[in-house]
């Protein structure tokens, strides 16, 4: 395999030979995949497969033991994410993320949560606080714009009525939506969602699907998501990558992955020598349906 | 009917029995608590031997107070409060009804009359009875003030900031009018300036602890840096207060960053321990680097501040303030000037804090207190955010320090012990982390309260001439703090004002905000 960094311009993220070791445990072992610009890529796998570890490597919370993560921006700029500190990945490389266990600023209001997300933009507008402190109009204008952007995302996430309530007061589903809206306020090119549908009821996850689709359609943001809820994964993703024991076992369209015997084996837990049986079983089932 | 009455009587009998039992327990507990440090006193006799002096009478008074208090509480106060609740629920007057029955216009008028009579009568009475008159007078004054606050509560809460600033600006004038120039010294200096220094220090620490959620136990170090900067630079280079005030702030901010760097990775308890050590290091350096700081003897004769260099307060100077205006010589003018100076500095601190909270940096501080990992995921550089919090907090500590040096005219390491840090932190916690108004009230209560408790002379007349009320100052103070923390666990002002809003500004309840992890 060649370590070529030149990428097709429609590839936004390229992960190559990623490995992550925790002591003696190989959490991720030589994992490579690509995410296309403007697509929704899903990363699935059984519990403990290493999905969140991959996410943490991409967003800089872990430094990978080996491998390369290249982000290709629309304007043509490339970033090697494994070399950037975590906050610069969001600030410069424009990758935003949400968390599996929701991490909102619960004592700040919903609106303030979205304003904190626009920190870097507002810092520059306020002349790194100095001009803002002296009351320069540039900051006042930027602050107004920031509130407008926040309003836009609050409407999208159906939270506009709760704008002045503390974030900790929202229901679980609303908190999930707010976390996505907050990540979008950083103006990302790639949005990484860690189990956005966890704990949502069917109606809420349908609303989530609509939100994610509209994010892609309106802003052209590419999405990378970890999900267990197959109704979300199969319905909205264009591309699915399956991970088991830190290794990629399947990669392709949702339909391809759904029928991949290795994936079925991974999820249903069969012995290696029984895989053949499963394949024939799946094939006979498909024949029956047809 | 008879049945109900008898059951009623039975219940009352039960209540009395329970109250007696509880009173007995309270008596036993207070006996156990007080037997060693009230009942016995270590003393030296004529041959310089250490002896124990028993004070059984005083101990008995303490125990009896506890027992009677507990009995009254169980037998009368609790049933009364319970019946009030029933009445309130029935009349729909909750929750104001208790207060409206307690604060009534006739009572208020009676209280004013009582305090006036007591003030007039106290002069002619013998000492013993005058002591009781003092207590009644004090209670009457407190009650009438509380009545005034209650009657105008809506007006006061809506215009609190304006009213408070106006009251502070008028304070020295009113005091001079009442007590005269020389008599005003105690009230302007011990109460006014002393409280305002702590208000300013607590507001400075509030940026670090209340907003950014970084527990700093060594804040007094920056106060020391400010004070020594002013003392050393003014005595060595002869620079004026107005040049050195910003310089002291900058130097303290610089030390804040020096402290900030090594502790960036630490959180919670670990951060607290390292900041505590930092505070002690600064103090020990000041104590031991005798060639520069003059060690434990300190630096005396620190130059006074002047009115922007136009008028001086040095007695010998040709442009002396009193001479320039043809006033009689008095140190009161300098104290009043200092009062306005520290008031201006404290208001500057408040103004900058309010402004900063609406800036991205202020929001980042609060976000850092709530969740540091989420902050990093949003592209916020937590290193610079923490360092600016330390630096700006330290800067205000430095300002307060240089003011302190100019006011005292003398600095020594004695003034910068750990207890000072603890008091400042206690003010921030008691006031409600992040709330400027709450912290100002807490500073007034903590510092003013300990000063007021020095005025306990009248207790001597009640407990006898051997009783030393000053010893109980800290005990009473500790009890007051425990009461406040039980009654308001999140401080005087537990809620948080949002920095921006779309539809309406709603305070965020304290149950949602976090204290930070360091």
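Each residue, glycine too, has its Cβ placed from N, Cα and C.
According to TrEMBL, the protein carries these features:
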- B:52-77: transmembrane segment (TRANSMEM)
- B:102-122: transmembrane segment (TRANSMEM)
- B:129-152: transmembrane segment (TRANSMEM)
- B:158-179: transmembrane segment (TRANSMEM)
- B:191-211: transmembrane segment (TRANSMEM)
- B:217-234: transmembrane segment (TRANSMEM)
- B:241-264: transmembrane segment (TRANSMEM)
- B:270-289: transmembrane segment (TRANSMEM)
- B:333-354: transmembrane segment (TRANSMEM)
- B:387-410: transmembrane segment (TRANSMEM)
- B:422-450: transmembrane segment (TRANSMEM)
- B:471-487: transmembrane segment (TRANSMEM)
Feature contact check the transmembrane segment (B:52-77) with the transmembrane segment (B:270-289), CB under 8 Å, 3 or more pairs: no
Criterion met for the transmembrane segment (B:241-264) and the transmembrane segment (B:387-410) (at least three Cβ pairs under 8 Å): yes
Stretch-level contact, the transmembrane segment (B:158-179) and the transmembrane segment (B:333-354), CB cutoff 8 A, at least 3 pairs: yes
Folded-back contacts onto the transmembrane segment (B:387-410), same chain, C-beta under 8 angstroms, at least six residues removed: 193, 197, 200-201, 203-208, 211-212, 214, 216, 219-220, 222-231, 241, 244-245, 248-257, 259-261, 264, 298-305, 338, 341-342, 345, 349, 352, 356, 361, 365, 368
